[in-house]
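Right, one structure below, let's go through it.
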Amino acid sequence: MLRSCTAGLRSIWALRGRREGAPRLSMDLQPARRLFSTEKVIHKDWALPNPSWSKDLKLLFDQFMKKCEDGSWERLPSYKRRSTQESEDFKTYFLDPKLVEEERLSQAQLFTRGFEDGLGFEYVIFKNNDEKRTVCLFQGGPYLQGVPGLLHGGAMATMIDIALGSCTGGAVMTANLNINFKRPVPLCSVVVINSQLDKLEGRKLFLSCNVRSVDEKTLYSEATGLFIKLDPEKSST
Ligand SMILES: CCCCC/C=C\C/C=C\C/C=C\C/C=C\CCCC(=O)SCCNC(=O)CCNC(=O)[C@H](O)C(C)(C)COP(=O)(O)OP(=O)(O)OC[C@H]1O[C@@H](n2cnc3c(N)ncnc32)[C@H](O)[C@@H]1OP(=O)(O)O
């Protein structure tokens, strides 16, 4: 496993910055301000295949894209940053400008999308609106290691949070997250996170998910989450 991961790492380095349609920029060599000031970077959709995706991930992606054809499923796009108008709305309602400097905020990005291709979080989420559930296909790269050769539990928790949040469809905050880690996830492997909305109670959304291997034989984790719809009348800070 470690050997294949090292080979993967070598090929990933060979592919750095070559995501389809992406500008050839190297994140560690250029100042963040320059990287994130171009519209092209801000609006790039990262939930699409790139050369670091394994055969398993590409295969599952293709299968779910087929399910999207009749409209029952949709692929959720993923951006490093929100669009300008959404950012402004968000700041107006929920952020205290005294707590976060404008310059720092201009550099902000979704942390799961801050890695070079293949090194960190590679994922795509498909949503079935009628069934109120999502499927997240996730390949955790070599920079997400915890115990040698294994995915860090915090990286898994991050993906579980995002997967559960993708079922909510709105401005929400995670209030509670409970995870049972049942089996360790091999680094660089692909897992499937099935999430669903179990109950809606006022502003409270109760969700659950499980994390399985591609062949569904291994149950890696189970989790439940409570998300709260944000109240624009209240400040979250
Ligand atoms: C920040 C805004 C986000 C906006 C997003 C906008 C668009 C989304 C689109 C794209 C996003 C893209 C990607 C997202 C990627 C990553 C997601 C990251 C998610 C996070 O990384 S997120 C950070 C961790 N998260 C926090 O940092 C929360 C800190 N926290 C709070 O900010 C407040 O705590 C809050 C807002 C949760 C609630 O505050 P509040 O004042 O609005 O509501 P209140 O306290 O009245 O609770 C109402 C009812 O929920 C019950 N309740 C509350 N908490 C509970 C708990 N823990 N257990 C059991 N019940 C609980 C109460 O008991 C009451 O129940 P009842 O109504 O029955 O009395």
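The backbone N, Cα and C atoms fix where each Cβ goes, and this holds for glycine too.
Per Swiss-Prot, the features are:
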{"type": "ACT_SITE", "residues": "Asp161", "note": "active site, proton donor/acceptor"}
{"type": "BINDING", "residues": "Asn180, Lys182, Arg203, Lys204", "note": "substrate binding site"}
{"type": "MOD_RES", "residues": "Ser37", "note": "phosphoserine"}
{"type": "MOD_RES", "residues": "Lys55", "note": "N6-succinyllysine"}
{"type": "MOD_RES", "residues": "Lys66", "note": "N6-succinyllysine"}
{"type": "MOD_RES", "residues": "Lys98", "note": "N6-succinyllysine"}
{"type": "MOD_RES", "residues": "Lys204", "note": "N6-succinyllysine"}
{"type": "TRANSIT", "residues": "1-36", "note": "transit peptide"}
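Distribution of Swiss-Prot features across the structure.
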residue : record                             : CB count, 10 Å
Lys55   : N6-succinyllysine                  : 9
Lys66   : N6-succinyllysine                  : 10
Lys98   : N6-succinyllysine                  : 7
Asp161  : active site, proton donor/acceptor : 18
Asn180  : substrate binding site             : 11
Lys182  : substrate binding site             : 12
Arg203  : substrate binding site             : 12
Lys204  : substrate binding site             : 14
When distances run from the Cα of Arg203 (substrate binding site) to each of the recorded positions Lys55, Lys66, Lys98, Asp161, the nearest one: Asp161
Close-lying recorded positions around ligand 1 among Lys55, Lys66, Lys182, Lys204, where CB distance stays under 6 Å: Lys204
Secondary structure at Lys55 (N6-succinyllysine), reduced by DSSP to three states: helix
Using Cα positions only, nearest of the recorded positions to Asp161 (active site, proton donor/acceptor) (Lys55, Asn180, Lys204): Asn180
Annotated substrate contacts Asn180, Lys182, Arg203, Lys204, maximal Cα-Cα distance (Å, integer): 31
Assigned element (helix, strand, coil) containing Asp161 (active site, proton donor/acceptor), judged by DSSP: helix
Collapsed DSSP category at Lys66 (N6-succinyllysine): helix
Nearest-integer angstrom distance between the alpha carbons (Cα) of Lys55 (N6-succinyllysine) and Lys204 (substrate binding site): 38
